[in-house]
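Colleague: Once you've had a glance at the structure underneath, I'll fire off some questions.
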Amino acid sequence: MKKVGIIGYGTIGEDVAQAVHQGRAGLVQLEAILVRDKSKYEDSNSTEYLITEDEDEFFNQNLDIVIECAGHGAVRKYGERALHHGADLILVSIGAFADESLQKLLRDKAEQSGRKIIVPSAAIGGLDRIAAGSVGPMEEVTLVTRKPPKAWYGTLIEEQVNLAELSEPYCAFEGVARDSARLFPESVNVSAALSLAGIGFDKTKVKVYVDPHISHNIHEIEARGKFGQIKLQIQNTPSARNPKTGYIVAMSVIKTLRDMSSSFVIGI
Ligand SMILES: NC(=O)C1=CN([C@@H]2O[C@H](COP(=O)(O)OP(=O)(O)OC[C@H]3O[C@@H](n4cnc5c(N)ncnc54)[C@H](O)[C@@H]3O)[C@@H](O)[C@H]2O)C=CC1
Ligand SMILES: O=C([O-])CC(=O)C(=O)O
């Protein structure tokens with residue numbers, strides 16, 4: 001059984017932890033969860049797995065897989081250490097890789113330590129096809145992300161527009177993924193995943209909308225190249241705990257864990 005450690009015990013982290021603990025994520029066992037405030041959690045004194053605020057204690061558990069579910073800051077703070085301790089690293093806050101120096105640091109570290117950095121599809125899909133198509137040549141990749149107003153509280157859009165009174169869709173960003181990933185660290189990680197699978201952060205075109213007429217988080221992907229074309233629309237049900245994040249994100253991490261211990265892998 002591979003030992004799993006999770007950084008961040010919020011919306012994604014909790015769903016993933018439960019699945020691992022209940023044996024729904026393949027041949028892996030929940031060893032430790034790194035949190036910022038242990039007193040918030042009912043299971044903080046669990047005897048079956050460790051919940052700790054102490055990063056040394058967390059990384060001393062001989063983890064085989066570390067899953068980051070905590071945000072860009074946690075990728076910066078703990079990514080290198082996870083790989084240094086000999087774990088494979090699953091990243092959901094992949095927008096942190098818009099910072100080329102951080103991306104290079106972690107990719108070099110993974111190579112030196114013979115470990116893998118694994119990026120689940122998370123909130124989007126089609127990465128298998130985009131990554132294969134980018135063997136190339138690939139001409140164009142675009143993403144349009146739309147979420148309801150409630151998903152944008154706590155982001156910079158809250159300063160641009162009155163979210164409570166919006167009656168028409170509002171285009172909050174138009175540009176390239178390098179900027180969308182940086183400007184919306186909790187909300188448009190999908191643009192980073194798409195860039196890494198396809199033609200990079202500076203060529204992937206992105207539009208971001210607040211849309212009062214929708215109830216799902218919608219991502220529309222279009223790509224063209226020698227392979228042909230792809231047009232894909234994804235509608236994620238927002239999780240009850242965090243409207244920025246779809247339930248599918250934790251499901252995708254759980255599927256990744258299953259793949260890591262299975263002799264049959266489909267859909268990568
Ligand atoms: N790749 C993708 O498609 C997606 C990526 N994400 C990423 O996942 C992140 C987490 O999403 P949610 O679980 O919905 O957020 P959340 O806010 O519900 O949970 C995040 C948890 O991480 C904890 N945390 C933050 N920094 C930490 C640190 N340094 N050490 C330990 N714990 C720390 C917070 O206290 C919180 O409990 C987002 O910020 C976003 O970057 C989210 C949705 C989709
Ligand atoms: O869950 C979603 O629809 C997308 C998301 O938050 C992200 O890309 O960070």
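The backbone N, Cα and C atoms fix where each Cβ goes, glycine too.
Feature list, courtesy of TrEMBL:
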type     : residues   : note
DOMAIN   : 8-120      : domain 'Aspartate/homoserine dehydrogenase NAD-binding'
BINDING  : A123, N189 : NAD(+) binding site
DOMAIN   : 167-254    : domain 'Aspartate dehydrogenase'
ACT_SITE : H219       : active site
Colleague: As a test of the contact definition, list every same-chain residue at least 6 positions from H219 (active site) whose Cβ is closer than 8 Å to its Cβ.
Modeller: A123, I124, L143, V144, T145, R146, V190, Q233, I234, N236
Colleague: Just to be sure I understand, if DSSP states are collapsed into helix, strand and coil, how many residues of the domain 'Aspartate/homoserine dehydrogenase NAD-binding' (8-120) fall in each?
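Modeller: Grouping H, G, I as helix and E, B as strand yields 51 helix, 20 strand, 42 coil.
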Colleague: Using DSSP and three states only, what is the residue listed as 'active site'?
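Modeller: Reduced to three states, the DSSP call for the residue listed as 'active site' is strand.
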Colleague: Quick check on the binding-site residues A123, N189: which one has the highest count of other Cβ atoms within 10 Å of its Cβ?
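Modeller: Going through A123, N189 one by one, the largest Cβ count within 10 Å is at N189.
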